[in-house]
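Report on one structure; see the data block that follows.
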Amino acid sequence: MLRDVFGKTFRLIGYTVQYGCIAHCAFEYLGGIVVCSGQSMEPTIQHSDIVFSENLTCHFYNIQKGDIVIAKNPTDPKSNICKRVIGLEGDKVCTSSPSDFLKTHSYVPKGHVWLEGDNLRNSTDSRCYGPVPYGLIKGRICFKLWPLSDFGFLRASPNSHRIFND
(Lines of atoms letter the chains of each structure in order from A and count residues from 1; the text may use other names and numbers.)
(Lines give C-alpha, C1' and ligand atoms only; values in the text may rest on other atoms or scores of the structure.)
Protein backbone atom coordinates (compact mmCIF):
# COMPACT_ATOMS: atom_id res chain seq x y z
CA MET A 1 0.00 0.00 0.00
CA LEU A 2 2.82 2.41 0.87
CA ARG A 3 4.43 1.49 -2.43
CA ASP A 4 1.24 2.51 -4.32
CA VAL A 5 1.12 5.88 -2.52
CA PHE A 6 4.78 6.59 -3.37
CA GLY A 7 4.24 5.45 -6.97
CA LYS A 8 1.22 7.72 -7.46
CA THR A 9 3.00 10.63 -5.79
CA PHE A 10 6.09 10.29 -8.00
CA ARG A 11 3.92 9.95 -11.12
CA LEU A 12 2.03 13.10 -10.17
CA ILE A 13 5.30 14.97 -9.60
CA GLY A 14 6.63 13.67 -12.93
CA TYR A 15 3.53 14.81 -14.83
CA THR A 16 3.63 18.18 -13.08
CA VAL A 17 7.27 18.72 -14.09
CA GLN A 18 6.59 17.59 -17.69
CA TYR A 19 3.57 19.84 -18.17
CA GLY A 20 5.34 22.69 -16.39
CA CYS A 21 8.21 22.42 -18.87
CA ILE A 22 5.80 22.33 -21.81
CA ALA A 23 3.94 25.39 -20.47
CA HIS A 24 7.22 27.25 -19.90
CA CYS A 25 8.39 26.55 -23.47
CA ALA A 26 5.02 27.55 -24.90
CA PHE A 27 4.95 30.89 -23.06
CA GLU A 28 8.68 31.59 -23.63
CA TYR A 29 8.91 30.71 -27.32
CA LEU A 30 5.37 30.76 -28.75
CA GLY A 31 3.58 33.57 -26.95
CA GLY A 32 1.09 34.47 -24.28
CA ILE A 33 -1.66 36.74 -23.08
CA VAL A 34 -0.72 40.24 -21.89
CA VAL A 35 -2.74 42.82 -19.98
CA CYS A 36 -1.66 46.30 -21.10
CA SER A 37 -1.61 49.23 -18.71
CA GLY A 38 -1.08 52.91 -19.25
CA GLN A 39 -2.17 55.44 -21.85
CA SER A 40 0.86 55.55 -24.15
CA MET A 41 -0.69 53.36 -26.88
CA GLU A 42 -4.11 55.04 -27.02
CA PRO A 43 -6.24 54.95 -29.16
CA THR A 44 -4.91 51.62 -30.50
CA ILE A 45 -4.63 49.91 -27.11
CA GLN A 46 -6.52 51.24 -24.09
CA HIS A 47 -5.62 50.81 -20.41
CA SER A 48 -6.53 47.24 -19.26
CA ASP A 49 -6.95 45.84 -22.79
CA ILE A 50 -5.94 42.19 -23.11
CA VAL A 51 -3.82 41.23 -26.13
CA PHE A 52 -2.03 38.16 -27.50
CA SER A 53 1.72 38.48 -27.92
CA GLU A 54 3.63 36.00 -30.09
CA ASN A 55 7.36 35.51 -29.52
CA LEU A 56 8.51 33.69 -32.67
CA THR A 57 8.89 36.88 -34.72
CA CYS A 58 11.47 38.37 -32.36
CA HIS A 59 13.34 35.06 -32.02
CA PHE A 60 13.77 35.01 -35.81
CA TYR A 61 14.63 38.76 -35.98
CA ASN A 62 11.62 39.50 -38.16
CA ILE A 63 10.24 42.64 -36.48
CA GLN A 64 8.95 45.19 -39.01
CA LYS A 65 8.23 48.92 -38.87
CA GLY A 66 4.70 49.47 -37.60
CA ASP A 67 4.67 46.35 -35.38
CA ILE A 68 3.58 46.77 -31.76
CA VAL A 69 5.98 45.01 -29.43
CA ILE A 70 6.38 44.11 -25.78
CA ALA A 71 9.90 44.91 -24.53
CA LYS A 72 11.78 45.21 -21.27
CA ASN A 73 11.80 48.82 -20.13
CA PRO A 74 15.34 50.16 -20.75
CA THR A 75 15.15 52.34 -17.64
CA ASP A 76 13.49 49.72 -15.37
CA PRO A 77 14.28 46.09 -16.31
CA LYS A 78 11.63 44.79 -13.86
CA SER A 79 8.82 46.21 -16.00
CA ASN A 80 7.72 45.82 -19.60
CA ILE A 81 6.65 48.42 -22.14
CA CYS A 82 4.24 48.19 -25.07
CA LYS A 83 5.27 50.43 -27.99
CA ARG A 84 5.18 50.62 -31.80
CA VAL A 85 8.34 50.11 -33.87
CA ILE A 86 8.99 53.34 -35.75
CA GLY A 87 12.48 52.57 -37.03
CA LEU A 88 14.85 49.64 -37.50
CA GLU A 89 18.65 49.72 -37.54
CA GLY A 90 19.93 52.20 -40.11
CA ASP A 91 16.57 54.01 -40.45
CA LYS A 92 16.26 57.78 -40.15
CA VAL A 93 13.82 58.74 -37.37
CA CYS A 94 12.40 61.99 -36.04
CA THR A 95 13.75 62.35 -32.50
CA SER A 96 11.81 65.49 -31.52
CA SER A 97 8.38 65.81 -29.97
CA PRO A 98 5.42 66.65 -32.23
CA SER A 99 5.11 70.08 -30.59
CA ASP A 100 8.74 71.05 -31.27
CA PHE A 101 9.07 73.76 -33.93
CA LEU A 102 12.45 72.52 -35.15
CA LYS A 103 12.48 68.83 -36.04
CA THR A 104 15.60 66.79 -35.30
CA HIS A 105 16.48 63.49 -36.93
CA SER A 106 18.88 60.69 -36.16
CA TYR A 107 19.74 57.21 -37.42
CA VAL A 108 18.95 54.04 -35.46
CA PRO A 109 22.21 52.23 -34.61
CA LYS A 110 22.93 48.60 -35.51
CA GLY A 111 21.16 46.10 -33.26
CA HIS A 112 18.56 48.62 -32.07
CA VAL A 113 15.00 49.74 -32.81
CA TRP A 114 13.19 53.04 -32.30
CA LEU A 115 9.98 52.63 -30.23
CA GLU A 116 7.21 55.18 -29.73
CA GLY A 117 3.76 55.10 -28.20
CA ASP A 118 0.76 56.00 -30.38
CA ASN A 119 -0.22 58.67 -27.85
CA LEU A 120 2.78 60.92 -28.54
CA ARG A 121 1.82 63.54 -25.96
CA ASN A 122 1.58 60.98 -23.14
CA SER A 123 4.31 58.44 -23.87
CA THR A 124 7.74 57.80 -22.44
CA ASP A 125 9.54 56.13 -25.32
CA SER A 126 12.69 56.26 -27.47
CA ARG A 127 12.36 60.04 -27.66
CA CYS A 128 13.26 59.97 -23.93
CA TYR A 129 15.58 56.98 -23.53
CA GLY A 130 16.93 56.60 -27.07
CA PRO A 131 17.12 53.53 -29.30
CA VAL A 132 16.22 50.21 -27.66
CA PRO A 133 18.46 47.13 -28.09
CA TYR A 134 16.76 44.41 -30.13
CA GLY A 135 17.49 41.92 -27.35
CA LEU A 136 15.03 43.69 -25.03
CA ILE A 137 12.09 42.87 -27.33
CA LYS A 138 10.08 39.99 -25.86
CA GLY A 139 7.18 39.64 -28.29
CA ARG A 140 5.01 41.16 -31.01
CA ILE A 141 1.35 41.86 -30.36
CA CYS A 142 -0.83 40.08 -32.93
CA PHE A 143 -4.37 40.93 -31.94
CA LYS A 144 -6.63 42.22 -29.20
CA LEU A 145 -8.62 39.72 -27.13
CA TRP A 146 -10.50 42.06 -24.79
CA PRO A 147 -12.75 43.99 -24.86
CA LEU A 148 -14.73 41.77 -27.20
CA SER A 149 -16.03 44.78 -29.13
CA ASP A 150 -12.43 45.39 -30.31
CA PHE A 151 -11.51 41.72 -30.80
CA GLY A 152 -9.24 41.22 -33.79
CA PHE A 153 -6.11 42.55 -35.42
CA LEU A 154 -4.79 45.93 -34.34
CA ARG A 155 -5.27 48.99 -36.50
CA ALA A 156 -2.49 50.97 -38.17
CA SER A 157 -0.60 53.70 -36.37
CA PRO A 158 -2.32 57.07 -36.08
CA ASN A 159 1.21 58.49 -36.43
CA SER A 160 2.16 56.75 -39.67
CA HIS A 161 3.61 60.06 -40.92
CA ARG A 162 6.46 59.53 -38.41
CA ILE A 163 7.48 56.23 -40.04
CA PHE A 164 9.94 57.03 -42.84
CA ASN A 165 10.34 54.60 -45.70
CA ASP A 166 13.80 55.37 -47.09
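Glycine residues also receive a Cβ, built from the backbone N, Cα and C atoms like all the rest.
Whatever TrEMBL says is automated annotation, not expert-curated.
TrEMBL lists SER40 (among others) with the feature active site. Under 8 Å, Cβ to Cβ, and six or more positions away along its own chain, SER40 (active site) finds ILE81, CYS82, LYS83, GLY117, ASP118, ASN119, ASN122, SER123, THR124, ASP125.
Summarising the annotation, TrEMBL assigns active site to LYS83 (among others).
Sequence annotations record features per position, and here TrEMBL assigns domain 'Peptidase S26' to 16-95 (among others).
What TrEMBL lists as domain 'Peptidase S26' is 103-146 (among others). Counting residues 6+ beyond its ends, the domain 'Peptidase S26' (103-146) has Cβ neighbours under 8 Å at 31-34, 39-45, 49-55, 57-58, 61, 63, 67-72, 74-75, 80-97, 152-154, 157-159, 162 in the same chain.
According to DSSP, the domain 'Peptidase S26' (103-146) comprises 10 helix, 20 strand, 14 coil.
Mean model confidence for the domain 'Peptidase S26' (103-146) is a pLDDT of 87. For LYS83 (active site), the number of other Cβ atoms no farther than 10 Å from its own Cβ, over all displayed protein chains, is 25.
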